[in-house]
């Protein structure tokens, strides 16, 4: 196999060489390289090195005025400069793993090597050393304002060229230790801690008749005093000194090597190169990836903005050089272009052992338990707690009120608050995935309503029957856990996940809008009010008996409530006047939503430092929006509907206690028969819980502490039984609030390179935020005096934001929007490059139809079979294998595990066939490789429309 790979004609010699270099030892990651380019400046007879550009990932130039840095931009290089750089590395001196401890010693080694190689004359030793040891002026310092003595000293030499004196080593200008300016440089925040420096020195001198070029890699990174703008140890040096007249060419070569040094692939090569040929192979591989822009259609002065998302340029070792392959080879390997597929971790593998999955979950989560607590001590956790707390109490009040109506107050707002606090706290303390937020759901509410109506019509005690259903369901959940039944979740692909999460998101959005529309019915807008007739509007309270003159006198001063108390009657055309509360409610609702969205996006704006935008404004966006519109409501003073929280710790219904007894009210056979409806509840709980867990545990969230599907279901079953005994609602994972919880805890890199967007690092995985949210929910009855000032429209706005925010990142939603876009304005999605648009629309249409069916079922009494319909989505996905090719499904969805296995077998078979068709003789391979490489290089040169005249 190795023999075939080495002789593969589609791989260039450079790529083959790099495979051996980079494949030897990948244990230690390559440090980030900070590159600084300094140019030699002549200041009135004196020499100094002046910083002209720098790179962390993108290029920043010192503007012509010399007062500021340019905006970070993508480096645009001439093809000529890359070829000249290649020539420099071929003919200059290369010192790899040089033992260096100071700049003077390193300069001595460089010059001695040049003399030993016969590249420079020995009598130039002192002059070259003198130039290389001049002081470095960095952009952190303001342009020098020399004293009169300095001007006088240099005026005599101003008319003559610079002279280079033989200097003793003690006369070198450069300092041995970093200066105060270097140590205090704020730019260090943009550079990772493990970074190392690459210094590029470019200059013109009059004592050389040909360029002096040296590339140095130190054995250990060493801090070389004032050489670098920031106190970062230097690992690489590139020096180019040459005769006058080619400053622009030298500058472009310097930019070329600086750009290569921050390229992920070339920096790996630079660290691991064994000789000159390895470095040249790195340049050749870089050239193979270069894209040429026609000079007549592009202005090189234009600075290309850094892309929002930069793909890693580190290629897989097996893919190196594939760009050099024939067009037929690239097109023929359809499978090579497929995206990363649905990977099933060990969490969902069937163990075949009793409680095997539960035991593995337990072993996986125990090592992280302590960090799950102390990782929560971060300022970001405060904003997450406030956000999720308000979402949870709003949810608890909404579902509590609906449960009270459905069950004649056997379960109400008080039970909803207590159940949310109990179930949520226990789950966050002991569950497998503490980022999941438990809540009541719509299907459970429908089941409770039907169960209460059935109990009432058949004279059965509702609370006792419900207790036995809960016990049976908890036992069934335990059986599912012990038998590793959660492994079937691996058959849920993106198709099922997105259908479910989109439905829940649309429910949140529609419920928020419905409640706002309802406000216009309760508080109608006064369309008939005419300001010109304001004097005619009045309202009086008439006494029940018109003969009572004393009462008639009092009625002039009675309020509306007092009039009703005395059994009076309100008469007049202004008695039904209501201030425009609906309009005010809409302002609070939409204002909260739009302000939250705006503040969340504020971290991408150009205003304020990054920490202010990200840590203060963006992280606390929801809290700031809520407080702003609560303040506005208090300022206006209108009687908008407010949040109503129970103030006493007692059951909603006076004739029930906090404990439900299991025996005594229903016939004995109901204790067994209740297992049948419990099976439906179990299916509902299982599907709701596990699909929400799959969405939370998506690989896109970069969770590092693992998950516990079996452990989660175990605690949900235990809590089902506990809540049944206490007469509290049943709880399961809430998709939208859980997604909002994750979104509020996302972490981004703080030391991103200039111009680079902060990188998503993962989620702050911990238990503390969830525990605090649910403890505060339980204590809300004591916070009622404060919470009563929060208008309900503000919380509806939070609900709307949760629904809309959870749609972001869902491919299904992006594909729906494609229906409204002309092809030329459609975003450059990867699936559009590989799947015909009509097939994309067809796949989306199937999902829309499935979503519509689920929505209709949800809106009727058939909502009780909702979990079965989720299983139906999995069946529909299986049938899609008959409508779409596996290639299309790989881009639009995920390939089912069985299909994925079959696909790998097919790929293995096709590789064997290709291997059999490869050229057999080494001579034939070399001939093909040489021909291809020559053709490719010639194409690059011609496309640049330049004739290369190397300066050697």
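Note that Cβ sites are derived from N, Cα and C of the backbone, with glycine treated the same way.
Heads up, TrEMBL stuff is auto-annotated, nobody curated it.
Annotated domain 'Band 3 cytoplasmic' per TrEMBL: 32-300, in sequence order.
Here TrEMBL flags 353-896 as domain 'Bicarbonate transporter-like transmembrane'.
Marked as transmembrane segment by TrEMBL: 382-404 (among others).
Residues or ranges marked as transmembrane segment by TrEMBL: 416-447 (among others).
As annotated by TrEMBL, transmembrane segment applies to 467-488 (among others).
Feature annotation from TrEMBL assigns transmembrane segment to 500-523 (among others).
The transmembrane segment annotation in TrEMBL covers 581-599 (among others). A Cβ distance under 8 Å defines the sequence-distant neighbours of the transmembrane segment (581-599), meaning residues of its chain 6+ beyond its ends; these are 512, 516, 519-520, 522-525, 617-618, 621-622, 624-626, 628-629, 632-633, 636, 638-641, 791-794, 796-798, 800-801, 804.
Per TrEMBL, the feature transmembrane segment maps to 620-638 (among others). Residues 383, 386-387, 390, 579, 581, 584, 587-588, 591-592, 595-596, 599-600, 602, 744, 789-791, 794, 797-798, 801 of the same chain sit 6 or more residues outside the transmembrane segment (620-638) yet have a Cβ under 8 Å from a Cβ within it.
According to TrEMBL, the feature transmembrane segment maps to 668-687 (among others).
Sequence annotations record features per position, and here TrEMBL assigns transmembrane segment to 708-732 (among others). Counting same-chain residues at least six beyond the ends of the transmembrane segment (708-732), those with a Cβ under 8 angstroms from any Cβ of the stretch are 347-348, 357-358, 360-362, 364-365, 399-400, 403, 410-411, 415-416, 418-420, 422-424, 426-427, 430-433, 436, 438-441, 444, 448, 463, 466-467, 469-471, 473-478, 480-481, 484, 486, 489, 651, 656, 658-660, 681, 684-686, 688-690, 692-693.
According to TrEMBL, the transmembrane segment annotation covers 768-787 (among others).
Here the transmembrane segment (794-813) has Cβ contacts under 8 Å with residues 387, 390-391, 394, 494, 498-499, 501-502, 504-509, 511-513, 515-516, 588-593, 596-597, 600, 622, 625-626, 629-630, 633, 643, 700, 735-737, 739-740, 743, 831, 844, 847, 892 of the same chain, all six or more residues outside its ends. Feature annotation from TrEMBL assigns transmembrane segment to 794-813 (among others).
Taken from TrEMBL, the feature transmembrane segment covers 845-876 (among others).
The annotation compositional bias 'Basic and acidic residues' is assigned in TrEMBL to 902-918.
Among the features that TrEMBL reports, region 'Disordered' is placed at 902-937.
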Result, the transmembrane segment (467-488) in contact with the transmembrane segment (768-787) (3+ CB pairs under 8 Å):
no
Cβ under 8 Å, sequence separation of at least 6 from the ends of the transmembrane segment (500-523): give me the contacting residues as numbers and ranges.
398, 442, 578-582, 585-586, 589, 641, 691, 695, 735-736, 739, 792-793, 796-797, 799-800, 802-804, 806-807, 810, 812-813, 851, 854-855, 858, 870, 873
Mind looking up the mean pLDDT for the domain 'Band 3 cytoplasmic' (32-300) in the predicted model?
81
